[in-house]
Amino acid sequence: MNFTPEHPRHVPDAPAGQRLPRLALLCALTLGGLTGCGTLQQASSRLGLEPFAQTTSPRPTDAQPARPATAPISTAALIEQQPTGAGQPVVRVTRPALDTLDAAPVAQGVSPLPPLELETIEEQNRNAAGMPTDPLRPDTTLNLYDKNATKDLWGRVRKGFALPELDSELVAEHQRWYAARPDYVQRMAERANRYLYHVVEEVERRQLPSELALLPFIESAFNPQALSSARASGIWQFMPATGKDYALTQNLFRDDRRDVLASTKAALDHLQRLHRMFGDWHLVLAAYNWGEGNVQRAMARNSKAGLPTDYLSLNMPAETRHYVPKLHAVRNIVARPDAFGLTLPTIENHPYFVSMPLKRDMDLTVAARLAEMSVADFQALNPSMNKPVILAAGTPQILLPYTNAEKFVQNLARNKAALASWTAWVVPRTMRPNEAARLTGMAEASLRDVNKIPPKMLVKAGSTLLVPRSQHRSEDVSEHVADNAMMALAPDLPPMKRLALKAGKRDTVASIARRYKVPVAQVAQWNKVSASARFTRGQSIVVFVPAGKGGKVLAKSDRIKSPKQARQAKGKAERKEAKAGAVRGKASAAATRSKGNTKVRVAAR
């Protein structure tokens, strides 16, 4: 039976060498092309598989001992070559690594790829991805026929409940809240369908209470794009600083706080560390929400006052006071949804996704198209990308549903177009966005949009911009740039002139800022005082104002004067006008006398 959505992990028993999954055949064909195998049988042999359509096994010889029939293989299986006594490879079903998120190594015996510059686009595309693997437990053989395994993941979660009961009225309050919102519970549970199996696997592997797998319901409603007002992000709502403590990369191209695999590992590492610190799961959960330092100080205050230091006895913010009861409410609803008039959607007890190693940069839209997925569904499994391109050097794997992984491999093998239309460009010097757009062949509006550059800002030297690939910029982005890309901006201001002033009797930082039309914070920073400070009379003040060519201060006549200065200026102007009027009066009188004398002289003649 071929792999279909109705049978995501099951392949029925078959005699050795009779039939293979389509994905294994496709990989055999691809490897055959890369290694020079002329036939499917040769390619299958390189993968350690029986020849296709062979109804009887070859007779064993001294050079080729008999092999037992292989166990059924799921699409989650990773095919490895294991030498036997005579050097013949056999098929082994394994699962990916526990303690690493790295992609599986390349199988032994594969010829090295030719230099990149010699590859055609078709060759590059053929080598752009590795074999799909299960991102869980590589060294544990899969037992696909465990009769004791439950088909419903909710039943598996219920079996692992281990938190002590919480005697709080808030638990019942939150149970009523969820019970009154069945549509919200339904959406939240449906969203968890993609991720919950992986979280449960990791929780069980560490032998932790399975209630911890329900924490993302409380933190983010299992929304990997969730971003709080405090900048916490991802299904586990990591703060930026805590994310860095657990090696969650946050740069221009990706934010691993949103990465499902990386953030789940980091969250469980953090919870285990808190449990070693407090030894009580209720205090651990309070510390996860409020911060370990706050919980420790609250316990110290209670201890000093002779009060108990358990969770219910501590004085804490309302959010933390409700946090643990909310988790208990969700636990109780999962345990008995019918008791609250709710129905949980079925979540199958098998992996939802596989890990696809990525060896070449690839546009996000191209990856979604090759996997025959919508961009929204692709991003739901790969939410860490900040840009429209996946950089293989920084994100060496993508997650795909089982059914789509096979389609991805097939479509990638047939694809003849370029995989990436974007690359990274490090700005050599500080420049305006219009200059950067001209140098990279982009429209300024497009450059600003894709790189999120606000108006009236300069791009500082060393910043990394996402720009279109071209004949001169066709290489994949290096690991150094992918891991360290940053964007530094500076205000695009005109040249400034420094003014040295003497403060008046009632001058303040605010009055100087109004007078010279500059921000109050800037005046305070220039003069190393607070924004509410007053200046003493005669105190030296420094102000920077826009200057034109030659350093001449611009808009000097537009300065705002204080009331006293305005009165003085008005009086001065009035006196000047009066003086000018007196001068004009004297001149008029003199002209009149001169005219009269002229008439008398004319009459005398």
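Cβ atoms here come from the backbone N, Cα and C positions, even for glycine.
Database features (TrEMBL):
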DOMAIN    499-543  domain 'LysM'
REGION    555-605  region 'Disordered'
COMPBIAS  580-591  compositional bias 'Low complexity'
COMPBIAS  596-605  compositional bias 'Basic residues'
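Regional average pLDDT for the domain 'LysM' (499-543) in the model is 92. Residue counts for the compositional bias 'Low complexity' (580-591) under DSSP, split into helix (H, G, I), strand (E, B) and coil, are 12 helix, 0 strand, 0 coil. Residue counts for the domain 'LysM' (499-543) by DSSP state, with H, G and I taken as helix and E and B as strand, are 16 helix, 10 strand, 19 coil.
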